[in-house]
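Q: Handing you a structure now.
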Amino acid sequence: MTGDAGAEAMTGAGHAQLEVRGVTKAFPGCLANDDISFRIEPGEIHALLGENGAGKSTLVKIIYGVLQADQGEVLWDGKPVTIHSPHDAREMGVGLVFQHFSLFETMTVLENIALAMNDVRDMEVLRKQVVEVEKTYGLPLDPDRHVYTLSVGERQRIEIVRCLLQNPKLLILDEPTSVLTPQEVEKLFETLRRLADEGCAILYISHKLHEVKALCQKATVLRGGKVVGGCDPREETAKSMAEMMIGQKLTAPDRGNDRTFGDVRLEVSNLSLASEEQFGTDLKDVNLTVRGGEILGVAGVAGNGQNELFQALAGETEQFAAPDNIKIDGTSVAHFGPRRRRRLGATFVPEERNGHGAIPDMSLAENGFLTAFRRMALTARGLIREVPTRSFADTIIKTFDVRTTGAAADAGSLSGGNLQKFIVGREILQDPGVLVISQPTWGVDAGAATAIHQALLDLAAKGTAVLVISQDLDEIFAICDSVVVMAEGKLSKPRPMADVSIEEIGLLMGGLHDLDGDATPANGTLSTGGRVDQA
Amino acid sequence: MDWIVPLILTVITASTPLLLAATGELITEKSGVLNLGVEGMMLVGAISGFAVTVSSGSAILGILAAIVAGMLMSLIFAFLTLTLMANQVATGLALTIFGVGFSALVGSGFVGFPLDPLPSLSIPVISTIPVIGPILFSQDFLVYASIAIVIATGWFLTRTRAGLILKAVGDSHDSAHAIGYRVIRIRYMATLFGGAMSGLGGAYLSLSYTPMWAENMTAGRGWIALALVVFATWRPGRLLAGAYMFGCISVLQLHAQSAGVNVPSQFMSMLPYLATVIVLVIISSDYTKIRLNAPACIGKAFRPAQ
């Protein structure tokens, strides 16, 4: 890892592995890429940074042949090339690990790999090659498992293995770590560094700037479809890179000074629940309490029971047998559906925006009405009160800086991050007593994420009990007062944020349950609801 | 016991049109397209096959005409749903209604024409073996073809790369597109295959099963073929078994009446659908089964994302 290798190559002795010159791509109503130029040398790990909508995905699709550029050229090994299709791209030696995996759930690992290979090979030969690559790079996978039975980390391994089988000269990874545990991320980085040492160029796209800093030697920053600068991530801070991305100063969320907690507002005791999904995770004896003014984070890798927990809390799965398992402000609610829980002052923000948090084909005003009509008094004698409904939506749009054409716009027409701001705003503005929110800033860019974090902190300061279910440890460290870790349907004991390290949470996320005894911090102030082991 | 052989022979002829049309629809659905126009395509195939055979005197030409007619019908469907993104369910229903009317219009001049049934391909010597001979070795070639095609379909889906790609497109068209497969083109081909097989099934009805043309002569067999695909949970082996089971039921219905068994014929004719509903309930209770076999993208329009 010579630090000067990248700098030498930059002076342009040899040919770049990939060079993009003046690429422009317009969609109806937006210029996604505007005269973009950059280059990647063999063996270089190059970061592509930018907010949502900055044009990163469009650029990747052009390099991978999914889209064709309107203007500009792509040079491969110094020679201009036209890439008509992903098939061409793979033929040249470009591998792409998709952000939203391009996998077929009902097929086996081997079939999924075969589908992404250009040259038709005998399945048995392919199986041997897969096993070989898995061994060489330490990426264990059972070729005969069906994809739907695999964890997200394992699914990503399929994507990587199928790129490696093509001996890529350029590997593109689009947000590869958003679903991995810190340990899995470290493992991935080892693989990537090794590939780079073997001369493979890597284009790495991520929101997580400290990862970019740890891994990449160069970065190109996009904003609004244009290249706004480049840097060496090793010499920048995460904050300075974020500011380059959003083009303005970034303020860390203000946690306030002395946070004081009130009474317990949300209490879950002995909650065990068989999942309704075939491949879901059963909840096993979940206990937690959230006090007024407190933000409790539930960390964990997706698929460890978070969806089931959210559904149980939101009333999507009711438990008629044990109403006392969940209490909101002291009232037993486990047998209530979502509407009766909302009537008690609880609001909920699910992870999935389109179709769960909002109805894509309905306007923002209608979507606002759907969860808020009671608390915001948007109905009168069974009729919709048009004016307050519209002004409620307008208030959300204004307060949370939702970029849209107005309250009449369809929810489905908003970008993911903007819709998320609208949904979060809709629930926060109802001034809830209890807020349960799942993945509040998933896929949301840095500026908007900061705004959502600040709104959650402000809400808690007003005495609301906030439960945040998140995979993003940075987020949990930024806003939570205490944290529990979910693994295989079980919750760890709550720990105050000040007492835990990111490594410790990572180990808990990996399923090492309750590093009890010696491993716990010596002072052992497990205050929040922690059971006393030895009285 | 000498009634057994004729009974089995009628079961085979009753099952063959179902098997042909259902095999085509299975491929169509595996690619993620739901074409409810099977009944209409069968009718158009039946009249085209009949009309060309009567006019030209060649059954081979008639069968080819039926295949082409079925493909043209499915091409209309494919253009409307895959290129123009129309709703597949509504378009399929419209295709059936169109096929019923169109075949009646074209066929009005052919009602009552006599026609010799397709010749049996009697294999010398072994076709004279009692019982087995007439059943296994003395059928017309479409019967052999239908079984060969369903076996080939099973082999295609499980053993070939093209079959894997077809299933991939039906499982997740977005993933398939991202990897670089041409979703629309593959679906066009699958839909055309479905049309060809439906046309062939229709031709079997008008050329062999009852060698004549009568308005609406498919009498709901297109719908049974559709039900059959779901009944078979999209697996060719089960499709073969199911086609013969449904054929059996429809023949029993006739024989029960002539034998004086007092079961209302309406009850017998609803049996295939009833069986499908029961099977659906059973397989739906096991999520894995349906998940592993049902094409996840069925009936969804594919718009390539930007």
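Each Cβ is built from the backbone N, Cα and C atoms, and glycine gets one as well.
Per TrEMBL, the feature transmembrane segment maps to B:6-26, B:33-53, B:59-80, B:92-115, B:135-157, B:188-207, B:213-232, B:239-257, B:263-283.
Neighbours and distances for these, please.
A: Residues 17, 21, 24-25, 59, 61-70, 73-74, 77-78, 81-82, 88-89, 91-100, 102-103, 106-107, 110, 113, 115, 187, 190-191, 194-195, 198-203, 205-207, 212-213, 216-218, 220-223, 225-226, 298-299 of the same chain lie 6+ residues outside the transmembrane segment (B:33-53) yet bring a C-beta within less than 8 angstroms of a C-beta in it.
Long-range contacts of the transmembrane segment (B:59-80) within its own chain (CB-CB distance under 8 A, at least 6 residues past either end) are made by residues 28, 33, 35, 37, 40-42, 44-53, 86, 91-92, 95, 99, 118, 142, 187-188, 191-192, 194-200, 202-203, 207.
Beyond the ends of the transmembrane segment (B:92-115), by six or more residues, the same chain brings 34-44, 46-48, 50-51, 53-54, 73, 76-77, 207, 211-216, 222 to within a C-beta distance below 8 angstroms of the stretch.
If you look at the transmembrane segment (B:135-157), the same-chain residues 6 or more away from its ends with a CB under 8 A from one of its CBs are 5, 8-9, 12-13, 16, 19-20, 23, 26-27, 30, 63, 117-123, 126-127, 129, 163, 166-167, 197, 200, 203-204, 208, 235-237, 239-240.
A Cβ distance under 8 Å defines the sequence-distant neighbours of the transmembrane segment (B:263-283), meaning residues of its chain 6+ beyond its ends; these are 220, 223-224, 227-228, 230-231, 233, 245-246, 249-250, 252-253, 256-257, 289-290.
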Q: Cβ under 8 Å to the transmembrane segment (B:188-207), counting only same-chain residues 6 or more beyond its ends: which ones?
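A: Distal contacts: 16-21, 23-25, 27-28, 30-31, 33, 35, 38, 41-50, 53, 59, 62-63, 66-75, 77-78, 82, 115, 117-118, 142, 146, 149, 166, 213, 217-218, 221-222, 225.
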